Amino acid sequence: MKLSLAPISYFWPKADVQAFYKRVADSPVDRVYLGETICSKRRELSLDDYLRIANELRASGKEVVLSTLTLLEAAGELKELQRYCDQSDFLIEANDLAAVQRVAERGGSFVAGNAVNCYNASTLKRLVDMGMKTWNPPVELSREWLVELLDDPVARSIRSRLEVEVFSFGYLPLAYSARCFTARSEDRPKDDCRLCCINYPNGRTVYTQEDDPIFTLNGIQTQSGQRYNLLSDIDSMRGLVDFVRLSPQAEATFDWIDQFHNAIHNDPISIEIPESDINGYWHKLEGMRQL
Amino acid sequence: MELLCPAGSLVAVDTAITNGADAIYVGLKGGTNARRFAGLNLTVEQLTEAATRAHSHGRKLHVAINTFVHPKGFEQWQEAVDISVRCGADVLILADIALLDYAATQYPNVERHLSVQASATNLGAIDFYHRQFDVRRVVLPRVLSMPQVRALARGTDVPLEVFAFGSLCIMAEGRCYLSSYMTGESPNTAGACSPAEFVRWSEEGEDMVSRLNGVVIDRFQPDEQAGYPTLCKGRFRVEDNTYHVLEEPTSLNTLSLLPDLYNEGIAAVKIEGRQRSPAYVAQVTRVWRQAIDEVKRDPNRFQVRSTWDETLARLSEGHQTTLGAYHRKWN
């Protein structure tokens, strides 16, 4: 099993992003995803900036994948997507079928992100036939679902051509909307958002009226209110999962990278995750629970 | 422009026909469609009957098979397609790639529409489904603004269908796991959002509190109307501010956009609400039939009648309606 680092889901200043990836270069992560996946108005870094970082990370031995926007609506967004899909130096992470179609047209291969709806072996095979190299299952799927899916003869016939990657740490990507909830939380219309997401490097936490964290607002994306953490479930991934995917946070990401790296490479030791973390989906429970 | 109305029962099918629906969409009992409610949806016999009744009035029957296929369940979903075709469905509304593939291979002549659950929001995604599975229509998610709908209509030859009235999903459909996050059941996997079996009401002091699987969704004071705890329409807190963080309890109503939608050649307007009563179907269908007939007579002189808006508001969540994402300011 290898470690992958998801694209930064929040909106960070350019200097912070660059500093972050300088540290990633020295971390035990095997694969790094780069790019803006949430909002096309977040333009601290351009494609050229990302390519520069990508080349540096590659030089330090990392496999680099360029991630693309999830909710594509405007013509300009498709045009930008085309620029990503036209380059062939780096693998593309498709988060919408528009990206799948574009990469497949030039005979390229791609990673399917977890917002691409692939729930069964026949869909999986179709995507592999179109060039999918790595599959990120929808985050709501359990280990059991994965085992049953991959046990299907249709899936077995392509398993050797496919890597399976599971979202294992960070706030779960749960929904995408036309509405910008961060702008709304500041009582601003989306058209006049003033890029306020940049003030919330970990998003904004939403609490119930009983003060339990329930969601995290990240622009047009809604994330889980509590952190997903499969550190204590690493053993149950062996032989099933090829990449353990971690989502960057503003703090302590590198400590968690080390902990996951140790858990993967050392003998199984009993690890407990913080009480406030969750792992329900993996155990076929509601996502917000911890087993 | 076609008026496509919902039906959760044979009575509702009849009601939709009587009140002027051009087509009716239904689902089969079981987990194969995105409105899995107790007592709702049709048996195989009822589906045959629904098709017969629709056809005898010159109307079409669409069958939604729009949840995602479970790993050991492909046969169940394939069977739903087989049954629908056998019963005389004119259109299959599908979301899962595996099922689109199956239907396109087995029944190439039965029209396939791309369900809103497939979340095709751009020309690239529409192109994907059109090329791969020859879908004849795409149902657009409720996240697009009117200028975006216009741009799509002008940019593709694939006919488009939009939601015109009913409950408002504020997330891109098919890409929302909020419900499984809280209950373990989502529209994609279980055909349910904020399922009723997880709802609890309690009186706390003077307030009425609604919970979904134990999570407080809202707290209503005595003078407030307490609504169903759909999880994205609750009141939550961000820092010191308690408000409808994601969306107010309100329904979508696009009557005022009808001339625009008509002029852009939108193939069909869809009424949400297979879970609603035949009385709802009757009233909404009647209003939209009149409105569409009027817009067809002269789109430039079309005006929304206040009686239409009043009728629709009465049938809406919290008696409020919105243009939702179609209107730029909503976003």
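Each Cβ is built from the backbone N, Cα and C atoms, and glycine gets one as well.
Per TrEMBL, the features are as follows:
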type: BINDING; residues: A:CYS39, A:CYS180, A:CYS193, A:CYS197; note: [4Fe-4S] cluster binding site
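Other than A:CYS39, A:CYS180, A:CYS193, A:CYS197, the residues of this chain whose Cβ falls within 8 Å of the Cβ centroid of the [4Fe-4S] cluster site are, in sequence order, A:PHE11, A:ILE38, A:LYS41, A:ARG42, A:THR182, A:ALA183, A:LYS190, A:LEU195, A:CYS196, A:GLY219, A:ILE220. Listed binding-site residues: A:CYS39, A:CYS180, A:CYS193, A:CYS197. Those with a CB under 8 Å from a CB in chain B, in sequence order: A:CYS180. In the three-state DSSP scheme, A:CYS197 ([4Fe-4S] cluster binding site) falls into the helix class. When secondary structure is read from DSSP and collapsed to three states, A:CYS39 ([4Fe-4S] cluster binding site) falls in the coil class. Cβ contacts within 10 Å of A:CYS180 ([4Fe-4S] cluster binding site), excluding its own Cβ and spanning all protein chains shown: 25.
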